[in-house]
Amino acid sequence: MSKILQFQLQHFRNIEQASLTFGEGLNLIVGDNAAGKTALIEAIWTLASGRSFRTAKPHQLIQQNQSELVLFGTLTEADRIHKIGLARTSDKVTLKIDGELAKTQADMSAKLPVQLLTPESHRLLEEGPKARRQFMDWGCFHHNADFIHLWRHYQRALKQRNHALKKRLPASQIQLWDAQLVDAAEKIDVIRADYITRLTPYLVEFCQALMPEITVSPECHYRPGWPKTAESYRQLLADNFAKDTLQGHTQYGSHRADIKFRFNGQEALMILSRGQQKLFVCALLLAQATLYQQHSQNPVIMLIDDLPAELDAKHRETLLKLLNLLDIQHILTSTAQDLIPVLEPEKAKIWRIQHGELIEQQ
C-alpha cells in the first residue's frame, strides 16, 4: 500500500524544521490562518510533483534568509520501504530515491501518488483546458508506463516544429517533425481516450454517493486536440500548414486536448451550484483514486487543504467515510479540530501548528 510513514522538511516557507510521523488514515493539521498549514500540504505536493500549487516561482518556497530547502519522505509501496528526497537552491534541484540520484521528477512522482484538493480545485471546471489536461495526464502517467515517454517525444517534436515555424524555415525542414509529432499524438490519444472510458463508471458511482439529489449521470467527453471531423491528424497538419506558418505555432495536437463534463447534455459548470461543483471535483478525484488502486493494487495519498472551506459538515463526513472505505491515507488542514469528524481514531493523528511550529495532540 502507498503511505507516507514519515515526512521531514527544512527551510520551507515559514517552517524552519518539522518532522511528522503519519497515521494510516486521517492526519489532521489544525491552526490559524497563516500559521503554516497550507505550507505543509504544499511541501508534500512539491516532493511528489516537483512544483508548487501556489507559485510558479520556486525560489519563493525557500525560507527567507536561507539558501536551500530540503524535503524528505519515508514511504511504503507494495510492502517495500522507500526514501525519497528533494533539495532546492535558487538555481538547482537535487532528487534522490533510496540514496541514489533520481534522473527525473517522474521517477519521484511514480513513488508518491498524491492527489490534491484545495479551495481552488473547482476551477478545474471554470478555467481553460490546461487543468483538465493535467488531471487526465496524472491518471495516464500512473496507468500506462508508455505515456510519459510518448509525452516527452511529443513535446520535443512540437517544440522543434514551432521553432521552425517561427523562423519561417523551408517547408521541407518543418515537415520533418510532422511524422514524429503524429506518431506520438496518435498513441497519446489512444491512451487518453481509454483512460477516460475507464474513469467514467467510477465518476458516476461517486457522484451518486456525494450528490444523490442529481438523478442523471455525468458524461465525460474527451477531445483529442483536433477536430473529430478531420480525416486524420496527419492530414490536418498538412491542410493547416500555411496557417501554422503564418501564426508561428502548431494550432492542433495533443497539447490542445480537453475533457468536457456534462449532465444530460448540459455543461456541468452551467447546471451545478458552486457547492455541487466542489463535490463534483471530489467525485473526480475519488474516481481517479479508485481506478489507480484497481490498476496498481495500491491506494493514492490525498492532500486536502482547508476542508471546511470546501464542504459543509454533512458532505465532509461523507467524503471522509469514502476515503476510509478506500483505505486512502488523507492529510487535511483545518482552522478548528471540531470541524473534522474523526471516524477511525486508531488510524488518526492530529497536530496543531503555530508560527510554523508543530505540536502533536494526544
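From the backbone N, Cα and C atoms, a Cβ is placed for every residue, glycine too.
According to Swiss-Prot, the protein has these features:
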BINDING   Gly31, Asp32, Asn33, Ala34, Ala35, Gly36, Lys37, Thr38  ATP binding site
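Sequence features annotated in Swiss-Prot and their locations in the structure.
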residue: Gly31; record: ATP binding site; Cβ contacts under 8 Å, 6 or more apart: Lys37, Thr333, Thr335, Arg352, Ile353, Gln354
residue: Asp32; record: ATP binding site; Cβ contacts under 8 Å, 6 or more apart: Thr335, Gln354
residue: Asn33; record: ATP binding site; Cβ contacts under 8 Å, 6 or more apart: Thr335
residue: Ala34; record: ATP binding site; Cβ contacts under 8 Å, 6 or more apart: none
residue: Ala35; record: ATP binding site; Cβ contacts under 8 Å, 6 or more apart: Ile353, Gln354, His355, Gly356
residue: Gly36; record: ATP binding site; Cβ contacts under 8 Å, 6 or more apart: Arg13, Asn14, Ile15, Ile353, His355, Gly356
residue: Thr38; record: ATP binding site; Cβ contacts under 8 Å, 6 or more apart: Arg54, Asp305, Asp306, Thr333
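DSSP assigns Lys37 (ATP binding site) to a helical segment in the three-state reduction. In sequence order, Ala39, Thr333, Thr335, Ile353 are the same-chain residues whose CB sits within 8 A of the CB centroid of Gly31, Asp32, Asn33, Ala34, Ala35, Gly36, Lys37, Thr38, the residues recorded for ATP being left out. A 10 Å cutoff on Cβ-Cβ distances gives Lys37 (ATP binding site) a total of 23 other Cβ atoms nearby, all chains included.
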